[in-house]
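J.: Pasting the relevant annotations from Swiss-Prot:
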- 136-196: ATP binding site (BINDING)
- 285, 287: Mg(2+) binding site (BINDING)
- 110-315: domain 'ATP-grasp' (DOMAIN)
């Protein structure tokens, strides 16, 4: 096979992990990332085109003669990048605007689940506080309140009592998340443990692509506000083969078939956020891309070339593709965040030690970083670095990641010291 020119869209830790893995492929001749970050720059050419500039990205893909475009963030799918690439005949690993509604509209997904009988929490969708209140009357605390649209992982409130639930509804409908909160989805609270399951899809076929468990709260002990994710590990012991099989049969397969039947064939990553309830896995939410930071641990564990499977998915040829192979080891990712994250992260803090050689089993991915004058590395976002490690056991991987973190400094930065606690406790 001839070497490919690949365009990677995005600039976070997830995209650095994808770039790192794509660059290892013998099929990758040229890798261009837009807009990228200083970590990605080590393995790819960077172009200053934003992930939400669909027309600019199509022009860039045409200019470089891209054989494949790999989309990292959901924001690029929401503006129809995959549709615009399809119109000019460029294969894209990422969903159409309509298919991406599985992530970009929680109401769309809940209604889809209802139409196809998929296991999920009872719910209602509301545009005014009065009707939302009437539905809350029928539920018991705690209450789950979600903004309908994209809110960077922060649009979900678990309200312990009715007063907090009413306040969350008023807050969202009042414009806290802009148009994303113009509708709210209210759900019954599901009891159980959460885990994430990943599938790569080509519109008609789905291939299992690993599992992970993440930590959404900002601080140790699962305290503090929700974030985009403070750390993750893979594989999660709680997600047994039997549970994966059940989720595959009851959620993934009917979703891919249902989307195709409704004229919205799903291409790209289908990321199922699962609640492992006493009666089996139920859907919390779908995401239309690799999780961040879940992707980072999957890339460390992936023991086969990623490019053929991405290309096969983009071209509708997954049925003939080699399934991915996985390393036996456990992987962990710990997020180093800027002071004030998630509410008001302070940017500009100086980063030191991130470029050290930590050995083969530790990889540091850049998330929110930029280079100032004289090449100095500083924080440019809320989640700054992802320190990832492999180990024969989760304990070993954890030791390696935290050992590396001790030698990395970020002014005012913080990280959780308990990533992986659930799995270690279960042992």
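Glycine is treated like the rest: Cβ placed from N, Cα and C.
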J.: In terms of DSSP three-state secondary structure, what is the assignment for residue 168 (ATP binding site)?
T.: helix
J.: Do you know offhand how many angstrom separate residue 168 (ATP binding site) and residue 287 (Mg(2+) binding site) by C-alpha?
T.: 23
J.: Ten-angstrom check, please: count other Cβ atoms within 10 Å of the Cβ of residue 152 (ATP binding site), all chains counted.
T.: 13
J.: Return the single residue from the binding-site residues list (160, 192) that has the minimum number of other CB atoms within 10 Å.
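T.: Comparing Cβ neighbour counts within 10 Å for the binding-site residues 160, 192 gives 160.
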J.: Round to the nearest Å and give the CA-to-CA distance linking residue 285 (Mg(2+) binding site) with residue 192 (ATP binding site).
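T.: Each residue's Cα considered, residue 285 (Mg(2+) binding site) and residue 192 (ATP binding site) end up 15 Å apart.
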J.: For the binding-site residues 168, 184, work out the Cβ neighbour count at 10 Å and name the residue with the minimum.
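T.: Result for the binding-site residues 168, 184: minimum number of other Cβ atoms within 10 Å at 168.
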J.: Might you list, by sequence position, any residue in that chain lying six or more from residue 176 (ATP binding site) with a Cβ less than 8 Å away from its Cβ?
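T.: Non-local contacts for residue 176 (ATP binding site): 147.
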J.: For residue 136 (ATP binding site) and residue 287 (Mg(2+) binding site), what Cα-Cα distance in Å is obtained after rounding to a whole number?
T.: 26
